[in-house]
Structure formats: structure tokens, C-alpha cells
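K.L.:
Can you keep this structure in mind? I'll have questions shortly.
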Amino acid sequence: MSSKPEQKETHQANGAVLPIVPVDCLTSLDRGQLVEPSDFLGPDGDGVEVVVLESRANAKGVREEDALLENGSQSNESDDTSTDRGPEPASPLKETSFSIGLQVLFPFLLAGFGTVAAGMVLDIVQHWDVFKYVTEVFILVPALLGLKGNLEMTLASRLSTAANIGQMDTPKELWRMITGNMALIQVQATVVGFLASIAAVIFGWIPDGHFSIDHAVLLCASSVATAFIASLVLGMIMIGVIIGSRKMGINPDNVATPIAASLGDLITLALLSGISWGLYKELESKAYVNPLVCAFFIALLPIWIIIAKKNAATREVLYSGWEPVIIAMAISSVGGLILDRTVSDPNFAGMAVFTPVINGVGGNLVAVQASRISTYLHMSGMPGESPETAPRKCPSPCSTFFSSDVNSRSARVLFLLVVPGHLVFLYTISSMQGGHTTLTLIFIVFYMTAALLQVLILLYIADWMVHWMWGRDLDPDNFSIPYLTALGDLIGTGLLALSFHILWLIGDRDSDVGD
């Protein structure tokens, strides 16, 4: 009885279709090599006589069995569900530097041009009255742009994963995933937007000791409304992109994140500028509008919380996903304080157009590296389970950038993309006559030094942070990117401000830094 299942399993594993030959067509020699037909009959005695011949070498020296196996494996390659395929997850180790660069280049340029557009918008709106007289709005810029990355990137990741594993195939599942995730990001956007406005008020009050309740309410209303509307618009765009990608047979992971990065900065900054300008105009004649707007969006919170709690996929994130988002907002707000204190000085007004670019490029590159390291670690098991991936207390720069493993190779490729990428973006800004700075050689040298140093520090921190979180049973996909992008905002803004100060001190008048 045990021979029949074994024969059936061997037949299926090989993927070959063995011939069914009528018994009458066989020679006497072939009949002697037959398996008993009764072994292949059903319990009632009916069935088809399946004849398995011993494989013989043909005239060309090719075994018939080999030919059948080869044809069967080719015809059934897409249908093979066998688990005996060997170490499939090790495929990233075969990536070359050229293939990594080729795959990263298009999303990198797409997201980069989005940051250029955001920089052009910031360069224009910095001269509006609301930015002149309520300078704390500048503090909101990195915090809200970073919030876009933290919420929309994770939304795109969650929905792409759900689509790829079949959790959005039916209309009911699709609607459940959409409503739960949209409600979740509205809760996160409203809360973090409110906290960002409080941080902006505090950071604006500390240096000067000046506090205005009207300006505080204006910041709160502008921040909450911008975060809410931007998350709503970008969330709907992400859902449309992911559903369209699935229908077109494209992996959503490859297109959703770059589109979120390219559109997020521009949409968020445009909304912040327009909303804050409109509320500032109403401040004198209709002072009740600002608190009413703030109260309206906060009053909607219970509705979004109830919807998100009903969805099992978003319930856990609703309770546990706050720490990285809030801490990242606080870090970005410090970068916003640097931006506020710098561009408020007429000597450094030209810095505004370059800030979203250097921060966005650094954040996008380190997010790619963190995601790649996390994927590499997930091949060995779940977070905290694999002793060979224990957290690194202090990785050496040589192991991060100059070793032979695939993560070190990708770090080198991402680092080498900085200079050509920023040259393209600087040329685009210059050709559009953006900014108040002429692109002289010394300015480009200082700018590139700041950009290279920013990415170098971020890639090194990513190597340590992802391994550290992994060893403490934290999924780096959910926790590392908010911290790294916030650090990118802080480091990028600080280094850029330092570069502008040095250029002004050494008297690079040709670059018109102080114009």
C-alpha cells in the first residue's frame, strides 16, 4: 500500500508527463517490464492502465527520461509549487553594483525632482507675510515633510504587502484595507500635526522669549489641517497607484514608494503655504476661524480611531506605532528651528530652495539602504531570532563601506549617486532661476561636501541602527526609517546652514549668498 503514494509523489515532483500506452501496442519484451496494472486501478477495479516503461538510451545517446524531465520542467516551470528549490532567498547576494544602481536610479531621480519642486515653492513662499511675521512656520516645514514620509511610505509598504499576498483581491477585502489604513493615517496625521505645532511654538519661544496666543493657534490650525489633507490626498493617490499596479501586473513595491516620495514634499509644502496664508489673512478680521479649524479636525479623531480599531490589520499599529513617528517629528523640528533661524536672516535667504533637496535626497537614499539591510536580515528568520545577526555595537566604517557583502556594495553605489544626482538637481534649480544664490565653483564644492557628509553619516548610522533594532526584536521596516529620515533632516539642514555661514564669512560675493 505504501508503494502507490511514493510512485505518485515521484511522478509529480519530476514535473514530467509519463506516456500512457495501450497494452496491446507493446511488444513481448516491453510487456515483461510492466508494472502490474492493478496497482493503478481504483478500489472498484475501474480505471486507466498506466504503463511505466524503463528508460532506454536512444540513438543519440540521450535518455528518454532526461528528455521528458527537461520538457516537463520547462512546460511546468510556472506551476511548480515544490518547496525543494534550494536557497531562493539568497538571490540578492548575486546583485552587481551596476544592477543595484540601475534599479535605484529612476526612483532616485523621480523623488529628487519632487524635492526640487518643493524647494522652488519654499523659495517663493518664504517672502509671504505669514512666513515673515510668523517665522515659526519654517519649523513646521521639516516636521510635516518628514511626517509625509513616515506615514505615506509606511502606508504604501503596508498596502503593497497586502496586495502581493492576496489580501486585496476581493472587493470586500479591498474596502476593508482601504478604510482601515486611511482611518489610521488620519489619526496619526492629526495627532502628530498637533504635536508638531506645539514643538514649533516652544522652539520659537525659547530663543526670543516671545509668545503670541494668536500665532500659536494659527500654527496649530495650519499644521493639523495640512497634515490631515495631505495624508488624505496622498493616501488616495497611493491606493489608486497600488490598485492600478496590480491590474497592470506591476509589483506595487516598485512604484508606490517613489511616487509617494516625489509627490509628498510638493503637495505638503503647497498645502502648508496656502493654508497658513489663508488663515493669517483671517487672523485680524475673523479671529475665531483659526480655533474653529483646529477644533474641527481634532473633533474628527474619535471617528477615525473607531474605524481603525475595527480593522485587525491596523489595530496593532494604532497602539504601537507612535513612538518612532513622534520622536522623528521632534528631531525634524530641531532641524526646522535651524532653518527658521537661518532663512530669517536676509544674508541666508538663498538656503530655502536647497533645504528640501538635500534633506529629501539624503532621506531617500538612507531609506533604500535601511530597507535592503532589513530584507537581508529577514532572510535568516524573524527579528531577534537569529544569533548570527546579533546587533552591532559599533560597526567599523570599513565593514560598512568596503567589505564584499551586498549591503556594503549597495552603500557604495548609493554614496556614488550623491554627486551626479545633486549636480542634476542644482542645474535644474539654476535653469529655473530659483533661489538667491549663483552656482559658483566654491558654492558647489561646499554644497557637495555637505551632501556627501550627510549621506556618509546616514549610511553608517543605518548599518548600526537596523542591526541594533533587529537584535532587540523590532522590525526595522517599521521603526528605523522614521528615525533615519528625521536624522537626515537634522544633519542636512545643519550642514547646509554651516556651509552658508562659512561662505558668507569668507566673503564669496560671487555666489550672492547674502542677496
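Even glycines carry a Cβ here, placed using N, Cα and C.
Given the structure is predicted, the values throughout are model-derived calculations rather than measurements.
As listed in TrEMBL for this protein:
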| type | residues | note |
| --- | --- | --- |
| REGION | 60-94 | region 'Disordered' |
| TRANSMEM | 104-124 | transmembrane segment |
| DOMAIN | 141-275 | domain 'SLC41A/MgtE integral membrane' |
| TRANSMEM | 182-204 | transmembrane segment |
| TRANSMEM | 216-243 | transmembrane segment |
| TRANSMEM | 255-275 | transmembrane segment |
| TRANSMEM | 287-307 | transmembrane segment |
| TRANSMEM | 319-339 | transmembrane segment |
| DOMAIN | 355-498 | domain 'SLC41A/MgtE integral membrane' |
| TRANSMEM | 411-429 | transmembrane segment |
| TRANSMEM | 441-461 | transmembrane segment |
| TRANSMEM | 481-506 | transmembrane segment |
K.L.:
Using a Cβ distance cut-off of under 8 Å, indicate which of 182-204, 319-339, 411-429, 441-461 has the most pairs with the transmembrane segment (481-506).
P.N.:
319-339
K.L.:
Quick check: do the transmembrane segment (287-307) and the transmembrane segment (182-204) share at least 3 Cβ pairs under 8 Å, counting only pairs 6+ apart in sequence?
P.N.:
yes
K.L.:
Tally of helix, strand and coil residues over the domain 'SLC41A/MgtE integral membrane' (141-275) according to DSSP?
P.N.:
121 helix, 0 strand, 14 coil
K.L.:
Under 8 Å, at least three CB pairs between the transmembrane segment (104-124) and the transmembrane segment (255-275) (pairs 6 or more apart)?
P.N.:
yes
K.L.:
Any chance you could find the range in 255-275, 319-339, 441-461 with the most Cβ pairs under 8 Å to the transmembrane segment (216-243)?
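P.N.:
Between the candidates 255-275, 319-339, 441-461, the best contact partner of the transmembrane segment (216-243) is 255-275.
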K.L.:
Under an 8 Å Cβ to Cβ limit, what residues of the same chain, 6 or more beyond the ends of the transmembrane segment (255-275), are close to it?
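P.N.:
Same-chain contacts beyond the ends: 106-107, 110-111, 113-115, 117-118, 121-122, 125, 128, 137, 140-141, 144-145, 147-149, 152-153, 155-157, 159-160, 221-223, 225-226, 229-230, 233-234, 237-238, 241-242, 245, 356, 360, 364.
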K.L.:
With Cβ-Cβ distances below 8 Å as the criterion, list the same-chain residues six or more beyond the ends of the transmembrane segment (182-204) that contact it, or say none.
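P.N.:
Tertiary neighbours of the transmembrane segment (182-204) are 135-137, 139-140, 143-144, 147, 151-152, 155, 210-211, 215-216, 219-220, 222-228, 230-232, 235-236, 239, 294, 297-298, 300-301, 303-305, 307-308, 311, 314, 317-318, 321-322, 325-326, 329-330, 333-334, 336-337, 340.
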K.L.:
For the transmembrane segment (441-461), could you work out the same-chain residues 6 or more beyond its ends whose Cβ comes under 8 Å from its Cβ atoms?
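P.N.:
Beyond its ends, the transmembrane segment (441-461) has Cβ neighbours at 354, 358, 361-362, 365-366, 369, 395, 397, 400-401, 411, 414-415, 418-419, 422-423, 426, 484, 487-488, 491-492, 495-496, 498-499, 502-503, 508, 510-511, 513.
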K.L.:
Taking DSSP states H, G and I as helix and E and B as strand, how many residues of the domain 'SLC41A/MgtE integral membrane' (355-498) are helix, strand and coil?
P.N.:
111 helix, 0 strand, 33 coil
